[in-house]
Structures are given as structure tokens and as C-alpha cells.
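Written out below as C-alpha cells is the structure these notes cover.
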């Protein structure tokens, strides 16, 4: 099996209910991926950075993400990312001419509220990356996985769809 | 995206607690995959056959599975199967010279008890199959996905591992 | 067994994640109590009114609650209520000289995120009310159940405690 | 609030899925009540004894239960018990002329599979016991709570019902 690096940047995937504030907040402990690894009976190689809702992600944050990718020896990388700006980050990485295979994934529903969608998105990214042989930036969401240009969030429906299917 | 056929044969993946008998039983309604599709915000093409614990699967059942595969037009197939005889069925299908890409998957913990492992196994099979270009019989379990000869159940540990790792 | 009327006014007990907005909202369908009744294998007699976060509850809403209580023939009533102004409503009802046995309950964590605390609060109210023989206004939260003056929300800790314990 | 002693004897309430054997087994660690206390934001005073499916409970086990009750200083006791012989144990305790208030409770569905019914049964026992002033043996199951003679398991329906209601 290939060694995959997971870069966890936050987003809805990692949100957790805070009973004191009554709000959902990005879990800075990033327990979601640890729970997933433990229940899936496998180990992940995880780096936690940024820890934000993707609407609050700045250019500085994307620079930090890029630096983290550059510093790693892994060819195969999964980025856990908020869904609202996933496409923006995908384009940013595509413009950076990385000689890596990178799959972005995330969730519409926090793992801590219902783990099914988050788990399925993430695991489909793992399976795809295991088989992948071509460098590039990919997205894995809601049963779709492929080059990032083809898969896009449809906000009204609250899920990712294939682009330009009529 | 490729059209994937899912053949659901039962196994632990589909087990459900029966409060009257106090036992876990293979759910003949096969609600697990329907729940997964609904929460993953996508649609599956599912055929439910056999509906057994894999220890009770007979040669007649495997013949039914083979016939179902032959009758389908899909090149890409996921088989949800009990873990105890998953390898036996994989060998049986490998001997049948099918010109198809087939991934067997299942679960150590029923989806209805805790959906995380079942969901992750299944979704990693989906991601792998989406990218796959070579015919053959594969297994996706516990973060591992690849040719069936390389991935095997380790009964004492209760999970699948890479073969011949010492 | 006594016939208990449940008046559901909303609050965190009934909050549900909306994947489109990314927010928790009071579920106007009030599915939480229906789910609880179905899993507890019993039937509830429920009236849904107001449907608000308790911080947004107005005097007009409390008047509606009072009218609903007056109109009912039940002597024993459970009110599901948000926790932030539960005490305010308890005082308001206490000042209304109702000849009823009323227990207010709610949750710090939405039933839809984790059902345990919401279920336990509600069921402890049911058990208390079943045995109760004295009119008055009571609160059941976090393992405590008794006259409303004695049980109060401690905001920093995010739970209800006995008053005047030092 | 009154000090309640919880005597946990096992039963379905405490059953847990064992992925190695594929069976449900009474959890000897008794994590269910610890989880319930932690999520309900309160503390329980628990003694774990016997740890069996109630169909396997012997006269010797009931003697141990009786001895545990005699040794405690608590007037108010909850016994978590399997549902199949809950009535047998209730009668046994009723014949023992204990000067205590004792509520037996349990679950049709293990807390670890779905916590709602187990939690609701247990919490209704807590609420009832808090208000109770009369010695005796009681049962709290499926929304019913009262003297043990009145509440009985209906095996075909898989739930407890009021006796002799026609």
C-alpha cells in the first residue's frame, strides 16, 4: 500500500457542538480523524493545520498549506477542507505546479453529528488515491471522485455534483 | 463517473439487532446500503441476493453470485460480502475468468451498530473502482485496498491485514 | 399510569443541523420527541407550540403557553423548554396559581446530535411526575429533579446544579 | 436530592458487540452506565455484580444481589437487570421484606447499539425514586413505572406492558 499524508485544515468535517456556547465550532483537537482511524482499524499519518471554517481561510492560510505540501516527502496527499472554498484551494494548488497526487475532501455534515457522509467522502478519497497514477488535484465528495474541475458544490442542494451535466 | 453495480450478499455489514430474539440477524430489507446512499447524498445501483452470514454461504449461493455478475452489463462491480469467506469467494471468482473489475468489501462491525467501519470499507471500494483500469478481483477492508491475494483476514485481531508481512 | 400531557416549546432539545445553512435550527417538525417515543416503545400525548430558542421567547409566547395549559384537562404536564430562560418561565407559571403538576425539562445537547442527555432529562421528568402528588412547578435536568426554586442553570459549567450549594 | 445506589447486574442494557466472536456479550467493564452518567452531566454511585444475561442468573446470583442490598446504607436503590427474569427477581426481593425503595430497570436494546430506550428506562427509574416515599419493589420499563406486580414483559411484542389491561 502507498503511504498517504493527510493534511487536515478544519472545515465542517471537524465541527463539534459546544454545549456552553450552543454553537458548532471547528474542533482544534481534530478528534474526528482519530476516531475514524480507530474505528476503521487502521492508522493515518495526519498533520493538523489552520483549523478553520473554509469561509475564513485567508491567502496566508493557503500559503501555509502549500508550504506543508512542499515540505512533505509524500507523493499522495489527502486534504480535509471546508466545502465552501474547496474549489478555490484546488485552483490555487493546481496553479502551483506540484508534482503530487492530491485529493481534497470534506463534509456537508460534521463527523461528530453523523459520521456517515464525512467517513464516506474521506474513504473514497483514500481508495482513489491508492489506485491513482497521475499527478494532479482531485476532489472526492458525495460519491463523486475525479479531477477537481469536474466536481463542484451546488449550494442550494447542499451537495457536490458533476459540472455541466445537462 | 463510471456506473458501478453493487451486489449485496449479506454478511456482518447488513446485520441488525432483533430485540425479540436478542440476536443479530442479516437484515433482509438491506437497509444499510440505502441509509448509506441517502446520507452520502448519492444513488447506488443495488442488487440484493443470498442475504446470509458468509459462513452459511454454499456453492449454490456462489453460483447465483456468478450468474448475477454474468447477467450484468457493468464492468465495475462491488460485492458486499461477509468477511469470514470473502477470500473463498474472491478465489472462486478469480477462477471464473470474468472480464470485469470486481471489489469485494464488507464489515467487522454491522453498519446498524456503528456505521463508520462499514461505510469506510465500502467507500474506499468505490474510490478505488472509480480509478481502476485493470480487470481482476480486489478486496477493500480496513484501509487496505488492492488485489485479493494481498489482503487477508486475521481472525484473532478481527481485521484484514497485508499478507506475508512479518 | 397517569395521563401526561407534553407541551413542546422548542429549545436546544429540538435543534437540528441544517447542512444548507450550516447552522443548528429548532426543528419545526419536532421529530426528537417522536423518535424518543418510538424507541422507548411507548406513546406520548404531545402539543407543539412556539418552536423557538428560549432566548427568543417573548411574553406573548409565555401567554400562549399559559393558555395551552389552561385549556388542557391534564393535571400532569411536562414542558420541553430551552434551558436559558427555563427558570424565567418556571417563575412565570408559579405566579399563575395553576392547580397542576408541571415539570419543565430540556437539554444542553440537541437530541439529534447525541440523544442521551435529552432522553435522560425527559424520562426523569416522566418518572417523577408519575409518582408526584403535589401541585407545583418543577425542573428535571442533569440527574436533578425537584421544585424549580432549587435547581438552576450554571452557565459556565453548562449544566444545571442545586442552588446555594457552596 | 436523595442518594441513590445503583446495583448493575448485567442484562441486555450492558450488552456490547464483540467483533472477534461476532456476538453480543455482557460488557464486564460496564461502560454503559459510565457513559450515561458522563453524558447526563451527573455522577452515579454504582456497584457492578453478577454481569450476566438474566436467563443465566442463578439462585446463588440472587442471593448475592440480596446480600449487596442488605450491606448498603441506601434506602433508595436502582437495579439494572436483564428483562427476561426481571419479574422473578422482583418477586424474590418482595419476599425478602426489605425496608427499602427498589426500582428494577433494564433494556430491550443494548445501550451500545442504541442508547435511547436504555437511557429512558433508567432515567425514569431515577425520577420515580427521587419522588417515592413508600417502600417496595417497582419496575420502570418502556414509559411505565410502578409497583412490580402491575408491569410485565410481553415477549411477543418485545416490550413491557401493564398487566391485565383488556
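Backbone N, Cα and C define each Cβ position, glycine as well.
As recorded in TrEMBL, the features of this protein are as follows:
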ACT_SITE  B:12  active site, O-isoaspartyl threonine intermediate
BINDING   B:54, B:83, B:84  substrate binding site
DOMAIN    B:3-146  domain 'L-asparaginase N-terminal'
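In this structure, the recorded positions under consideration are B:12, B:54, and the one with the smallest number of other Cβ atoms within 10 Å of its Cβ is B:54.
Comment: substrate site residues B:54, B:83, B:84; largest CA to CA distance 7 Å, whole number. The Cβ of residue B:84 (substrate binding site) lies under 8 Å from the Cβ of B:53, B:54, B:55, B:153, each of these being in the same chain and 6 or more residues away along the sequence.
Mean pLDDT, taken over the domain 'L-asparaginase N-terminal' (B:3-146), works out to 97 on the 0 to 100 scale. The DSSP secondary structure for residue B:12 (active site, O-isoaspartyl threonine intermediate) is helix. Mapped onto DSSP helix, strand and coil, the domain 'L-asparaginase N-terminal' (B:3-146) counts 55 helix, 42 strand, 47 coil. Residue B:12 (active site, O-isoaspartyl threonine intermediate) sits 8 Å from residue B:83 (substrate binding site), taking the C-alpha atoms as the reference points. Note on residue B:83 (substrate binding site): other Cβ atoms within 10 Å of its Cβ, all shown chains, come to 27.
Chain D comes close to B:12, taken from the recorded positions B:12, B:54, B:83 by a C-beta to C-beta distance under 8 angstroms.
Take the mean position of the Cβ atoms of B:54, B:83, B:84, the recorded substrate site; other residues of that chain with a Cβ within 8 Å of it are B:11, B:12, B:53, B:55, B:81, B:82, B:85, B:86, B:106, B:153.
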